[in-house]
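So that you can see what the record holds, here are the features copied from TrEMBL:
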- 114-165: domain 'Sigma 54 modulation/S30EA ribosomal protein C-terminal' (DOMAIN)
Amino acid sequence: MGVDVIGRGIVTDDEVGAARSMVSAVLAHHGVADGARVRLTAAACGGGPVVAQVNLRVHGAPARVQLTGRDPLDAAVAAAVRLERQVRRLTTRWEPWPWPDPERRPLAVPGSSTVGRVKTVPLRGGPPCRAAAFMAAMDYDVCLFTDAGSGEDAVVYRSGPTGLRLARQYHMHPDTSPERLGLSVNARRTPVLDRDAAAEHLCAGWLPFLFFTDRASGRGNLLYRRYDGTLGLIRPEGRR
């Protein structure tokens, strides 16, 4: 399979071709035969950062990298470099990304409280270490899941002295699963909010994301900042 590249906004054919060549070279070097999908998203009027995202499968499991660059070519180069490190991590000895991440700018800045995207998903269940491994493979900074030990919706995210932190809806006891990965546990109570109040709370606090219990459904929801300046919301299927 090949490498499919989609350019959105002001992205030239030469920049699309360069991205395809660089990503193809990384896949060939590591023997990844399933191909990849690359998206370069630039502003329609030019200027501003360009978002590069690469989705692929490594050993049959989904993987991804995402970051920004000054222009489409800069973003493509940065994505290829990060992809090489990601595939190497997933095919050899697993190591977490460094924290703070020197390659990706934080999104904890003032912005719109408009929710631009809502995804309703079936949550993965399991121990926090499994959620952390999925978060790393998908190049996320936070991952919403159902904690097998407590039965509560929870998040793992990149923060704290160990680089990984766990927050559940209610319980704050340490992770007791066999592979704990040095997770620290958020000692703050998870707020119970509706969507509008959650968006206001996130923006007022300049937060990169907010994990909260939705007042109506009783489920843990994840509100996060998007590169286009709006907010995204991930919510589980069903109610409690």
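The backbone N, Cα and C atoms fix where each Cβ goes, and this holds for glycine too.
Since the structure is predicted, the reported quantities are computational estimates derived from the model, not experimental observations.
Residues of the domain 'Sigma 54 modulation/S30EA ribosomal protein C-terminal' (114-165) grouped by DSSP class, helix first, strand second and coil last, total 10 helix, 21 strand, 21 coil.
For the domain 'Sigma 54 modulation/S30EA ribosomal protein C-terminal' (114-165), the predicted model reports an average pLDDT of 93.
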